[in-house]
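Listed in TrEMBL for this protein:
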COMPBIAS  83-105  compositional bias 'Polar residues'
REGION    83-109  region 'Disordered'
REPEAT    141-175  repeat 'PPR'
REPEAT    176-206  repeat 'PPR'
REPEAT    208-242  repeat 'PPR'
REPEAT    278-312  repeat 'PPR'
REPEAT    313-347  repeat 'PPR'
REPEAT    348-382  repeat 'PPR'
REPEAT    383-417  repeat 'PPR'
REPEAT    418-452  repeat 'PPR'
REPEAT    453-487  repeat 'PPR'
REPEAT    488-522  repeat 'PPR'
REPEAT    523-557  repeat 'PPR'
REPEAT    558-592  repeat 'PPR'
Amino acid sequence: MDLEVPTKQTHEGFCSFHSFQGRTGSRVCSNLSSLKVFVGPKAHFLVLSIDSGTGLRTQEGFRKKRRNRVYAVSKIEAFSSDNGRLSNSEKTQLGRPSQVNSMPSRESKGNKDLLRLVRKGELEECFRRLESMVYRGDIPDIIPCTNLIRGFCRIGDTEKATRVMQIVEESGAVPDVITYNVLISGYCKAGDIDRALNILDQMSVVPDVITYNTVLRSLCNNGKLDQAMKVLRRQMKRGCYPDVFTYTILIEAFCKESGVGQAMKLLDEMRSNGCEPDVVTYNVLINGMCTEGRLDEAIKFLNNMPSYGCQPNAITHNTILRSMCNIGRWVDAEKLLSGMAQKGCAPSVVTFNILINHLSRKGFLDRAIDILEKMPSYGCTPNSLSYNPLLNGFCKVKKMDRAIEYLEIMVSRGCYPDIVTYNTLLTGLCKDGKVDTAVEILDQLSTKGCSPVLITYNTVIDGLAKDRRTRRAFTLFYEMQEKGLKPDIVTYSSLLGGLNREGKVEEAIQFFNDFKRLGVRPNAITYNTLMLGLCKAGQTDRAIDLLFDMVSKNCKPTEATYTTLVGGIASEGLVKEASELLDELCSRGLVKKSSAKQLAAKF
């Protein structure tokens, strides 16, 4: 029979196939004809781009008129270094000294209420009190107002934060540079850099280096290095000179976008302008070198740092150590570790964990254990991140007895396993066929003070399902829901696979329909699992029907989808039709030739 090209839009990977001559009276052939309709070159999705039009309103700018101007200044908000990484974080300041040569703001009951409410986090109530104060003609104090702006920015409500700024200016109070910095930082964190730049241009006070650093970091993080350099030039024209944080931000951006060569030029400029790099600056450069594969150059730079007047820290060494491990320079990595203490830089737990993790992943478990045992001699106590890679390494090579042994060693040394430890162990046990032990450990987790998470249950449910113990798997399925854990598509796919393995195809279809009604969206693996069960049960026609459901739900079939259906068609005696369809799938790139050859050999 000739099939008409369907008019409805088809999924990517499909298009119409002009016709197929099927044999009448055969349900599989009829469905096979339909199946070939969907085999074809790549089609296009209709992509919708929605713009709600309800974005942030464009402000006309902050008012320049003032009455009874009240000024306040704050301690300079500084950048802070977190684990050696530059971060532009604000220090919350609820009390700030008044500026000299200006009239101090009056300690009204309204201002005290604002301060109390903002400290309690009652932002909306504080906002209403502020509106009421200004309506009565009172001038709010800039300190609680700044912290109210900070509070709204933290919850992502930059529009309300901007409204607070407008109310403050309309009242006659004048925001100081920190008030602007807080608002600009809020917009930068919200990803609205254009609005942040707009506020920078409209500031009624002179921006400081913190203002510019906030904007520059946001621009650099968003890959707008050229625009960042324009802002830098504008900053310097205004007489606000970059500091070490400014240069470090830009050097890091140059390393990522233009390479270390350009970053080094900026380093030279930094020094010529009288700004000395710090250890964070050098760490950024060394990380850039390692990223580019210039490890030997990074090592040389590390050794020269003291001559530059800067001592490397643990993060400097960790960066190079990680790079050494990535390319398998284990001897050099261990030498670097032993040499750190001699240079007056004690290795941290992170240093040891980097080496243990890489050695374990490569299967050098004995060497990883040696490193673990050396930690106390360096004054470091192993943590769960020290033991977890070892356990994972033993599980991968199916040495479950050793994995359990180190779990016991870990506990005996006062290092309590976390959920990652247990998940690793449960995965290894299930893969090794020791599902009963896995179930036993899962049952004991709560008593060990470690609550199972979704992946914990999914691991054991999948293990039981593959062991053809689906009834027990469903018990855990209901148990996890009683504990407030919501199953995901992995959970459902595992249970579906278990039902199919036990030949319970009708129950599998019922379960499939049940979770679809609950709003769970099947993925390709879910469909493939059910199709395989149907084909094995000699119901290939229903498997083909399932393909149409798959396409209609905008779920892209995989190579396994096609090979499963072709195999099912062949198993029902339609070898010629299966071969023709397989050839068609290969010609259109939907099935690899190697896969087709393996499948054809089974016909």
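In case you wondered, yes, glycine gets a Cβ from its N, Cα and C as well.
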Close approaches to the repeat 'PPR' (453-487) from elsewhere in its chain (Cβ under 8 angstroms; 6 or more beyond its ends): 419, 422-423, 426-427, 429-431, 433, 435, 438-439, 442, 445, 494-495, 497-499, 501-502, 504, 520
The repeat 'PPR' (558-592) - residue tally per DSSP class, helix then strand then coil: 26 helix, 0 strand, 9 coil
Per-state residue totals over the repeat 'PPR' (523-557) - DSSP helix, strand, coil: 26 helix, 0 strand, 9 coil
Intrachain residues whose Cβ lies under 8 Å of the repeat 'PPR' (278-312), provided they are six or more past its termini: 81, 84-86, 244, 247-248, 251-252, 255-256, 259-260, 263-264, 267, 270, 319-320, 322-324, 327, 329, 343-345
Reported mean pLDDT - the repeat 'PPR' (208-242): 94
For the repeat 'PPR' (418-452), distant same-chain residues with Cβ under 8 A (at least six beyond the ends): 384, 387-388, 391-392, 394-396, 398, 400, 403-404, 407, 410, 459-460, 462-464, 466-467, 469, 472, 476, 480, 483, 485
Helix-strand-coil residue split for the repeat 'PPR' (141-175), DSSP-based: 27 helix, 1 strand, 7 coil
Tally of residues which DSSP labels helix, strand or coil - the repeat 'PPR' (418-452): 26 helix, 0 strand, 9 coil
DSSP helix/strand/coil residue counts for the repeat 'PPR' (453-487): 26 helix, 0 strand, 9 coil
